[in-house]
Amino acid sequence: MESTGGPYLNTAAVTAPVGIARLLQIAFGCTTFSLVAHQGGFSAAYGTFCMFVWTFCFAITVFIITCEFTRLHSCLSISWGNFTAAFAMLATLMSVTAAVIYPLYFVQLGCYPIGCEVRDFRIAASVFAGLLFIAYAAEVFLTRAKPGQVTSYMATVSGLLKIVQAFVACIIFGALVNDSQYGKYVATQWCVAVYSFCFVVTVVVVAFSVTGKTALLWFPFERSVVIYTFGAVLLYVSAAVIWPVFCFDSKYGSPQRPGLCAKGKCPWDSQLVIAIFTYVNLLLYVVDLAYSQRIRFVSHL
């Protein structure tokens, strides 16, 4: 590796505001999963998910700050700016989810039956989980594209929305597999096809941006993404109309939650979650389409 004439270590990686935010992420993340692993405890799928979020985000953040401090990121064949912006947004969404799930399922005010010491550890872990979310949200705020600034696509509002759209789609998929009875009608199967197609294409857009391979495509990537976003809006409009009709209309489904439906295993609950997040993703794609008219893609940052 040839020397660039400057210092080998990039001290700005840990002294700049973004670097400080990442150091706080490492500190808060390590503290959170250490408290849970030492005494707080976790169980079932919810607890395992929270531990995965905290350890995964901790590991990737350590990797990012190490690469930037040693300048090794220049040796990687990816678009570093797109990668860090995409991860910061993903980590923000994952950490806020874990910060809500863990106290909801594991924190209680009384000491019985887990004991006061375990309760205190769980409360402390929940506090640091909230601080971890704030630290990641701060990085997104600091690195987002400013008006008139030339920056990576994933740092723009449109790029950040791509991560949120994919995350919301994962929530929809989770509800679909939870006995949503989507196979009952061809119309609801169409909605599943819409969710799947939009999710796959959105992930492909993010992947091409992060790898920095957009310039190698034989078609104009910028124009294609805008056209796809417009198509996704139309597809989600169809799903936003079809899904509620075939799930909550009295002719096909149930307008009200069945009284004998078990909590946590009720298809009607899953159908409601899917309907809500269908409208959420529709709104995200509409906003994405509006902002995509105001940006220019930069693939080499």
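Glycine too: its Cβ is placed from the backbone N, Cα and C atoms.
Listed in TrEMBL for this protein:
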type	residues	note
DOMAIN	13-148	domain 'MARVEL'
TRANSMEM	44-66	transmembrane segment
TRANSMEM	78-101	transmembrane segment
TRANSMEM	121-142	transmembrane segment
DOMAIN	153-297	domain 'MARVEL'
TRANSMEM	154-177	transmembrane segment
TRANSMEM	192-218	transmembrane segment
TRANSMEM	225-246	transmembrane segment
TRANSMEM	272-291	transmembrane segment
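Against the transmembrane segment (192-218), stretch 78-101 has more CB pairs under 8 A than any other of 44-66, 78-101, 121-142. Remark: the transmembrane segment (154-177) makes no contact with the transmembrane segment (44-66), by the rule of 3 or more CB pairs under 8 A. Counting Cβ pairs under 8 Å that are 6 or more residues apart, the transmembrane segment (44-66) and the transmembrane segment (225-246) reach fewer than 3 and are not in contact. Long-range contacts of the transmembrane segment (78-101) within the same chain, counting only residues at least 6 positions beyond its ends with a Cβ under 8 Å from a Cβ of the stretch, are 25, 46, 49-50, 53-54, 56-57, 60-61, 64, 67, 126, 129-130, 132-133, 136-137, 139-140, 143-144, 151-155, 159-160, 163-164, 167, 206, 209-212, 299-301. Here the domain 'MARVEL' (13-148) is broken down by DSSP into helix, strand and coil counts: 113 helix, 0 strand, 23 coil. For the domain 'MARVEL' (153-297), the DSSP counts in helix, strand and coil order read 109 helix, 0 strand, 36 coil.
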